[in-house]
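Working notes for the structure below.
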Amino acid sequence: MEGAGETTTSEGHLTSAAAFVEGGIQDACDDACSICLESFCESDPSTLTSCKHEYHLQCILEWCQRSSQCPMCWQSISLKDPTSQELLEAVEQERNFRFNPTRNATIFRHPTLGDFELQHLPVGVDNAEIEERIIQHLAAAAAMGRARHGVRREGHRSRSSSQGHQQFMVFSSQPNASSPPPHPPMPSSPSQRDESDTVSNLPHNALGEGSHQSNTQPPTSSHPRQVSPSASDSNSRPLNQSSPSEQDRAGPSELQSFSESLKSRLNAVSTRYKESISKNTRNWKDRLFSRNTSMADLGSEVKREVSAGIATVSRMMERLETRENSRPSTASVSDVSENHTPETNNEHNRAAAGDEHSVNERGVKETCATGSGSS
């Protein structure tokens, strides 16, 4: 039974939403928004209108981009919360600008966010009105971005890109300029934080004309919305530069201090790089010169070692040659000595025979002498 009750309730909500989209007057939902059919919560509370209907702030702001009447009773929409009413008025102004296009466009130059094109401004508008208009633009965009990317929209529904519409008419006059990041990095030192706060809080005073259009993002939104340019202002027009006196009004002392600090930092970095480069070149020169001297010393030592090695090798070769030459000479000497030994024996025998012959001759002579003496 409970499931059937929930089914009938959801079907009733869907039927109410379908009839509401078609334009019929329906009863308001008790605890849910009659536009998106989602319940109210602490992160996304309800916003009460003057006709006592409750909606999500984002839903009613998106509805007011198309219509100025309450979707439930078709009365003129006004919110009881003064802050929400200011946002609603800003959205209605943007809707009127889109429905009633004009050719007047004013260029606003911000030192941090770049150049912005503000359309539909009077000719004799002063700087205070320009600042108020810009604050309204950025506040409306921030509220829409936060509500669109809130917790209640995660995983519940997805809208096609064909149903998207323009949110606010703030365009950049520089097509190639990059938009500021949604989450700027926090400076590390207090001085850098002061400088960034000073630059972001400068007044918005510079004026000009032109209509180059590109997507830009508000810095105050944690989830910024992209802006689609209008087709009526697609033709380019010349850009008139503002006078120097009007540009000097945007905090000259802060700009000068910021530029001087940047120049000092750049000079310090450049001197550091120059010193490091000079040190590196000196080290390389010292290394090259030391390598040349060491190579010269090494060459002399190598030459000495090579000459000593050549001398030792030549000596060894000479020794080997002398040894090889001495071996055949000793062999010939031994052969000659062996050949001469029998000759010496023969000579010895001959000498012994000669001695015997001489002894025999002496004996014969003595006998002959004795014989002659006896006769």
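Cβ atoms are placed via backbone N, Cα and C, with glycine included.
Worth saying up front: this structure is predicted, and the values here are computed from it rather than measured.
Annotation comment: Swiss-Prot describes 146-159 as compositional bias 'Basic residues'. Annotation comment: Swiss-Prot describes 178-188 as compositional bias 'Pro residues'. Annotation comment: Swiss-Prot describes 211-245, 327-336 as compositional bias 'Polar residues'. According to Swiss-Prot, the feature compositional bias 'Basic and acidic residues' maps to 337-365. Annotation comment: Swiss-Prot describes 146-165, 172-262, 318-375 as region 'Disordered'. Annotated zinc finger per Swiss-Prot: 33-74, in sequence order.
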For the zinc finger (33-74), residues assigned helix / strand / coil by DSSP: 8 helix, 9 strand, 25 coil
Across the zinc finger (33-74), average pLDDT on the 0 to 100 scale: 75
